[in-house]
Amino acid sequence: MLLSDRDLRAEISSGRLGIDPFDDTLVQPSSIDVRLDCLFRVFNNTRYTHIDPAKQQDELTSLVQPVDGEPFVLHPGEFVLGSTLELFTLPDNLAGRLEGKSSLGRLGLLTHSTAGFIDPGFSGHITLELSNVANLPITLWPGMKIGQLCMLRLTSPSEHPYGSSRAGSKYQGQRGPTPSRSYQNFIRST
(Lines of atoms letter the chains of each structure in order from A and count residues from 1; the text may use other names and numbers.)
(Lines give C-alpha, C1' and ligand atoms only; values in the text may rest on other atoms or scores of the structure.)
Protein backbone atom coordinates (compact mmCIF):
# COMPACT_ATOMS: atom_id res chain seq x y z
CA MET A 1 0.00 0.00 0.00
CA LEU A 2 1.38 3.39 -1.03
CA LEU A 3 1.46 5.90 1.82
CA SER A 4 -0.39 9.21 1.52
CA ASP A 5 0.85 12.56 2.80
CA ARG A 6 -1.09 11.96 6.04
CA ASP A 7 0.49 8.53 6.50
CA LEU A 8 3.96 9.89 5.72
CA ARG A 9 3.62 12.67 8.30
CA ALA A 10 2.30 10.18 10.89
CA GLU A 11 5.29 7.84 10.34
CA ILE A 12 7.71 10.77 10.63
CA SER A 13 5.96 12.23 13.71
CA SER A 14 6.04 8.86 15.46
CA GLY A 15 9.78 8.56 14.79
CA ARG A 16 9.41 5.31 12.86
CA LEU A 17 10.45 6.92 9.55
CA GLY A 18 13.58 9.01 9.98
CA ILE A 19 14.47 11.86 7.63
CA ASP A 20 17.34 14.21 8.48
CA PRO A 21 17.08 17.07 7.75
CA PHE A 22 13.29 17.02 7.47
CA ASP A 23 11.38 19.82 5.75
CA ASP A 24 7.60 19.44 5.85
CA THR A 25 7.21 21.44 2.63
CA LEU A 26 8.79 18.51 0.75
CA VAL A 27 5.87 16.19 1.58
CA GLN A 28 3.76 15.65 -1.54
CA PRO A 29 0.36 13.88 -1.86
CA SER A 30 1.99 10.41 -1.98
CA SER A 31 5.75 10.99 -1.81
CA ILE A 32 8.52 13.04 -0.24
CA ASP A 33 10.71 15.19 -2.46
CA VAL A 34 14.43 14.52 -2.00
CA ARG A 35 17.20 17.05 -2.54
CA LEU A 36 20.64 16.72 -4.08
CA ASP A 37 23.72 16.78 -1.87
CA CYS A 38 26.94 18.55 -2.93
CA LEU A 39 29.18 15.48 -3.46
CA PHE A 40 29.51 13.49 -6.69
CA ARG A 41 31.43 10.41 -7.81
CA VAL A 42 32.83 10.66 -11.32
CA PHE A 43 34.30 7.76 -13.26
CA ASN A 44 38.04 7.72 -13.96
CA ASN A 45 38.06 6.61 -17.58
CA THR A 46 41.86 6.30 -17.70
CA ARG A 47 42.41 4.01 -14.68
CA TYR A 48 40.82 0.85 -16.09
CA THR A 49 40.18 -0.58 -19.55
CA HIS A 50 36.76 -1.84 -18.45
CA ILE A 51 34.47 -2.18 -15.45
CA ASP A 52 34.43 -5.64 -13.85
CA PRO A 53 31.67 -6.14 -11.25
CA ALA A 54 33.55 -9.19 -9.89
CA LYS A 55 36.62 -7.14 -8.92
CA GLN A 56 37.29 -4.43 -6.38
CA GLN A 57 38.31 -1.40 -8.44
CA ASP A 58 38.99 1.26 -5.82
CA GLU A 59 40.15 3.91 -8.27
CA LEU A 60 37.18 3.51 -10.63
CA THR A 61 35.55 6.67 -9.23
CA SER A 62 36.72 9.87 -7.57
CA LEU A 63 34.80 12.03 -5.14
CA VAL A 64 34.34 15.63 -6.32
CA GLN A 65 32.62 18.65 -4.83
CA PRO A 66 31.82 21.80 -6.81
CA VAL A 67 33.25 25.08 -5.54
CA ASP A 68 30.91 26.76 -3.03
CA GLY A 69 27.75 27.99 -4.70
CA GLU A 70 28.56 26.43 -8.07
CA PRO A 71 26.62 23.63 -9.79
CA PHE A 72 27.96 20.32 -11.04
CA VAL A 73 27.72 20.16 -14.84
CA LEU A 74 26.54 16.80 -16.21
CA HIS A 75 27.41 16.55 -19.90
CA PRO A 76 25.41 14.63 -22.53
CA GLY A 77 25.97 10.89 -22.24
CA GLU A 78 27.68 11.20 -18.85
CA PHE A 79 26.89 9.07 -15.81
CA VAL A 80 27.84 10.06 -12.25
CA LEU A 81 26.82 9.08 -8.75
CA GLY A 82 25.23 11.63 -6.46
CA SER A 83 23.29 11.30 -3.24
CA THR A 84 20.35 12.70 -1.38
CA LEU A 85 20.94 15.53 1.04
CA GLU A 86 18.61 13.71 3.41
CA LEU A 87 19.58 10.70 5.48
CA PHE A 88 16.74 8.17 5.62
CA THR A 89 16.03 5.49 8.22
CA LEU A 90 13.25 3.08 7.27
CA PRO A 91 11.43 0.87 9.78
CA ASP A 92 11.00 -2.87 9.24
CA ASN A 93 7.52 -2.50 7.75
CA LEU A 94 8.16 0.22 5.12
CA ALA A 95 10.00 0.00 1.80
CA GLY A 96 10.83 2.94 -0.45
CA ARG A 97 10.74 3.57 -4.17
CA LEU A 98 12.82 6.41 -5.58
CA GLU A 99 11.41 8.11 -8.65
CA GLY A 100 12.64 11.02 -10.72
CA LYS A 101 10.97 14.41 -10.97
CA SER A 102 8.84 14.85 -14.08
CA SER A 103 10.19 18.35 -14.73
CA LEU A 104 13.79 17.08 -14.69
CA GLY A 105 12.97 14.03 -16.80
CA ARG A 106 11.60 16.38 -19.43
CA LEU A 107 15.05 17.98 -19.55
CA GLY A 108 16.79 14.63 -20.10
CA LEU A 109 17.94 13.93 -16.53
CA LEU A 110 17.60 10.36 -15.24
CA THR A 111 17.77 10.07 -11.45
CA HIS A 112 18.46 6.35 -11.23
CA SER A 113 19.45 3.60 -13.64
CA THR A 114 18.15 0.52 -11.86
CA ALA A 115 18.49 0.93 -8.11
CA GLY A 116 15.30 2.75 -7.18
CA PHE A 117 14.20 0.32 -4.44
CA ILE A 118 15.02 0.92 -0.76
CA ASP A 119 14.61 -2.06 1.56
CA PRO A 120 12.92 -1.91 4.96
CA GLY A 121 15.55 -1.36 7.64
CA PHE A 122 17.85 0.72 5.38
CA SER A 123 19.58 3.68 6.98
CA GLY A 124 21.77 6.13 5.07
CA HIS A 125 21.89 8.60 2.22
CA ILE A 126 20.36 7.27 -1.00
CA THR A 127 22.90 7.03 -3.81
CA LEU A 128 21.61 8.48 -7.07
CA GLU A 129 22.63 7.15 -10.49
CA LEU A 130 22.50 10.35 -12.55
CA SER A 131 22.52 10.26 -16.36
CA ASN A 132 22.14 13.00 -18.95
CA VAL A 133 20.30 11.67 -22.01
CA ALA A 134 19.79 15.17 -23.45
CA ASN A 135 22.01 16.74 -26.10
CA LEU A 136 23.01 19.70 -23.90
CA PRO A 137 24.79 19.85 -20.52
CA ILE A 138 22.56 19.95 -17.42
CA THR A 139 23.54 21.93 -14.31
CA LEU A 140 22.91 20.12 -11.03
CA TRP A 141 22.60 22.51 -8.11
CA PRO A 142 23.26 21.25 -4.56
CA GLY A 143 20.02 21.43 -2.60
CA MET A 144 17.76 21.22 -5.66
CA LYS A 145 14.83 18.81 -5.68
CA ILE A 146 16.20 15.80 -7.56
CA GLY A 147 13.62 13.06 -7.01
CA GLN A 148 10.77 11.78 -4.90
CA LEU A 149 10.59 8.89 -2.47
CA CYS A 150 7.37 6.89 -2.28
CA MET A 151 6.84 4.69 0.77
CA LEU A 152 5.10 1.32 0.65
CA ARG A 153 3.72 -0.46 3.71
CA LEU A 154 4.54 -4.17 3.82
CA THR A 155 1.80 -6.69 4.65
CA SER A 156 3.90 -7.65 7.69
CA PRO A 157 7.24 -6.48 9.11
CA SER A 158 10.30 -7.92 7.39
CA GLU A 159 11.76 -10.91 9.22
CA HIS A 160 15.30 -9.96 8.19
CA PRO A 161 15.32 -6.23 7.35
CA TYR A 162 18.24 -4.51 5.65
CA GLY A 163 20.99 -4.08 8.21
CA SER A 164 20.37 -7.45 9.86
CA SER A 165 23.15 -10.04 9.75
CA ARG A 166 21.27 -12.22 7.24
CA ALA A 167 20.46 -9.46 4.76
CA GLY A 168 23.97 -8.90 3.33
CA SER A 169 23.58 -5.17 3.78
CA LYS A 170 26.71 -3.78 2.13
CA TYR A 171 25.34 -0.22 1.83
CA GLN A 172 23.88 0.15 5.33
CA GLY A 173 24.93 3.47 6.87
CA GLN A 174 26.32 4.86 3.62
CA ARG A 175 27.19 8.55 3.62
CA GLY A 176 27.29 10.46 0.38
CA PRO A 177 27.50 8.85 -3.07
CA THR A 178 28.76 5.32 -2.51
CA PRO A 179 30.53 3.35 -5.26
CA SER A 180 29.50 -0.16 -6.23
CA ARG A 181 30.39 -3.00 -3.89
CA SER A 182 29.17 -5.71 -6.27
CA TYR A 183 32.43 -7.63 -5.83
CA GLN A 184 31.54 -8.39 -2.18
CA ASN A 185 28.88 -10.93 -3.10
CA PHE A 186 29.60 -11.65 -6.77
CA ILE A 187 28.85 -15.24 -7.76
CA ARG A 188 30.24 -16.84 -10.91
CA SER A 189 28.32 -19.63 -12.54
CA THR A 190 30.45 -22.68 -13.33
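A Cβ is built for glycine as well, from the same backbone N, Cα and C atoms used for every other residue.
The annotation active site, proton donor/acceptor is assigned in Swiss-Prot to Glu129 on the grounds of similarity to another entry. Among the features that Swiss-Prot reports, dCTP binding site is placed at Lys101, Ser102, Ser103, Leu104, Gly105, Arg106, Asp119, Thr127, Leu128, Glu129, Gln148, Tyr162, Lys170, Gln174, with the record citing sequence analysis. The compositional bias 'Polar residues' annotation in Swiss-Prot covers 171-190. According to Swiss-Prot, the region 'Disordered' annotation covers 160-190. Residues or ranges marked as site 'Important for bifunctional activity' in Swiss-Prot: Gly116, Phe117.
Among the recorded positions Gly116, Phe117, Glu129, none has a Cα sitting within 10 Å of the Cα of Ser103 (dCTP binding site). Secondary structure of the compositional bias 'Polar residues' (171-190) per DSSP, as helix, strand and coil residue counts: 4 helix, 0 strand, 16 coil. Shown in sequence order, Thr111 are the residues of the chain, 6+ apart in sequence, with a C-beta less than 8 angstroms from the C-beta of Gly105 (dCTP binding site). Cβ neighbour count for Lys170 (dCTP binding site) (all protein chains, 10 Å cutoff from its Cβ): 14. Cα-Cα distances to Glu129 (active site, proton donor/acceptor) place Gly116 within 10 Å, out of the recorded positions Lys101, Gly116, Phe117, Gln148, Lys170. Just so you know, the Cβ of Lys101 (dCTP binding site) picks up 17 other Cβ atoms within 10 Å once every protein chain is counted. Considering only the recorded positions Ser103, Gly116, Leu128, Glu129, Gln148, the Cβ with the fewest other Cβ atoms within 10 Å is that of Ser103. Proximity note: of the listed binding-site residues (Lys101, Leu128, Lys170), Leu128 have a CA within 10 Å of the CA of Gly116 (site 'Important for bifunctional activity'), given in sequence order. Ser103 (dCTP binding site) carries a helical DSSP state (H, G or I). For the recorded positions Phe117, Asp119, the largest tally of other C-beta atoms within 10 A is found at Asp119.
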